Amino acid sequence: MDGQLLPVLLLLLGASSLWGQEPGPGGPLEEPLEEEVLEEDGILVLSQRTLGLALQEHPALLVEFYAPWCGHCKALAPEYSKAAALLAAESAKARLAKVDVPAEPELAEEFAVTEYPTLKFFRDGNRTHPEEYTGPLEAEGIAEWLRRRVDSSATQLEDEEGARVLIDARDVVVVGFFQDLKDKDVAVFLALAQDALDMTFGLTDRPQLFQKFGLTKDTVVLFKKFDEGRADFPVDKELGLDQGELSRFLLTHSMHLVTEFNSQTSPKIFAAKILNHLLLFVNQTLAPHRELLAGFQEAAPPFRGQVLFVVVDVGADNDHVLQYFGLKAEEAPTLRFINIETTKKYALVDRGPVTATSVAAFCHAVLGGEVKPYHLSQEVPPDWDQRPVKTLVGKNFEQVAFDETKNVFVKFYAPWCAHCKEMAPTWEALAEKYKDHEDIIIAELDATANELEAFPVQGFPTLKYFPAGPGRKVIEYKSTRDLETFSKFLDNGGELPAEEPKEVPAAPFPETPENSTLEPKDEL
């Protein structure tokens, strides 16, 4: 062999190990095996290596980013599996998948996952712009949310028979009448229909259907099997269809004129975005109380969209509602009015009979500013200062909190609040630790039974520190709720060192199981 070629040949042979693996005993280099996407209970189990394969294979993919230890993820798991089974039974195009985030930190970083569970919807293999999941965390809701994205979110109606079948099928049906189905307003209508899962949607451009329902212009019509039976939302020819205005219209008119408060209706009550609520407290087991409902119903129509009329049965499991308004069951029947934005409460001064006339007059008086709000306050307990945690009420709050010789740390809580119950042992331990410090007081105030006009509480628990000295200074505590951090805060005169943990958001107000439509999430 030519001596000049030998070094070149040796160099090439050596470099082969840089371009691939060494030849195996069988001879040529073996191709790496293609990664397989695993499946568990009908759900794809994805990793950093297999996500790309799943996106290529499935044009509609909902992915749950979870942690094995997360309680909310564990609660979601059976519903997620049921949703996968529902979609599989329909041979739907959409598939469900999940990613164990602690095992796949690269994916958590790529998709900015900061809490558990996080669900994202990937369409047509687009990895860079997934859609955040906004639906309910139960099986049928998950499946329906996906159906409305994979298929049309509204049924196209061709004739009177199809329209009749759709309208008769549900209590609330929304039909868009559009002369041109390619108009941009139709896209707005369909986009809204994707997320309004508690309503059924249809649309049509058929002239005979316009004539059948007495329409001459583009209109969205809400058909319902109660109250007025129908509500029309004409499309503005100049401005077009505004999704926000249409959404508010549908929320308002899909509700009964009078709604009974319970765990099923309360999410809708708060989602309706009507700030003024009029509540009639009655005992539904008593005939004289039930007779009042007719007058309450009669007064409601003129206030639709402005005041939400709600019936609270004091004989049902509504103790927390009674507590919030400072009422006892035996005070029923009675009326209360509240603005849920300001949380101001109003009581009917004249305890006369509840009639359509008295109900309407009360509403007009409150809306017109003729009635002053009331503030709850309990009597001062005789032993309010005998325990390490001092008991404050509306009537002794000012005297204690603004004592210029004391540093007062106050927990504003609600008896039914899960976050407050969880924190209670720590608060007791803190009071025990500082019980011999004459200048430090650890106290608590039931904010559902005692309202302070100067300190409206927007979340439970709320923690406020009132330092000694003049000036009525108030510091809101927003850091970690543990004994060590509380102690550092008190020892440092109401401040924390810079390295202390980040601010923790307060619980939503009011924090009740009934007014929450989405489950809370665990932070990373």
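Backbone N, Cα and C atoms are what each Cβ position is placed from, and that goes for glycine too.
Positions annotated as disulfide bond by TrEMBL: Cys70-Cys73 (among others). In the structure as shown, the Cβ atom of Cys70 (disulfide bond) sits within 10 Å of 20 other Cβ atoms.
The disulfide bond annotation in TrEMBL covers Cys417-Cys420 (among others).
Each residue in the domain 'Thioredoxin' (18-151) gets a DSSP state, and the totals come to 49 helix, 31 strand, 54 coil. What TrEMBL lists as domain 'Thioredoxin' is 18-151 (among others).
Across the domain 'Thioredoxin' (365-495), DSSP classifies residues as 33 helix, 27 strand, 71 coil. Summarising the annotation, TrEMBL assigns domain 'Thioredoxin' to 365-495 (among others).
Taken from TrEMBL, the feature region 'Disordered' covers 491-524.
Positions annotated as signal peptide by TrEMBL: 1-20.
In this view, Cys420 (disulfide bond) is surrounded by 22 other Cβ atoms within 10 Å of its Cβ, with every protein chain counted. Just so you know, the Cβ of Cys417 (disulfide bond) picks up 21 other Cβ atoms within 10 Å once every protein chain is counted. Note: the Cα of Cys420 (disulfide bond) and the Cα of Cys70 (disulfide bond) are spaced 20 Å from each other. If you measure from the Cα atom of Cys70 (disulfide bond) to that of Cys417 (disulfide bond), you get 21 Å.
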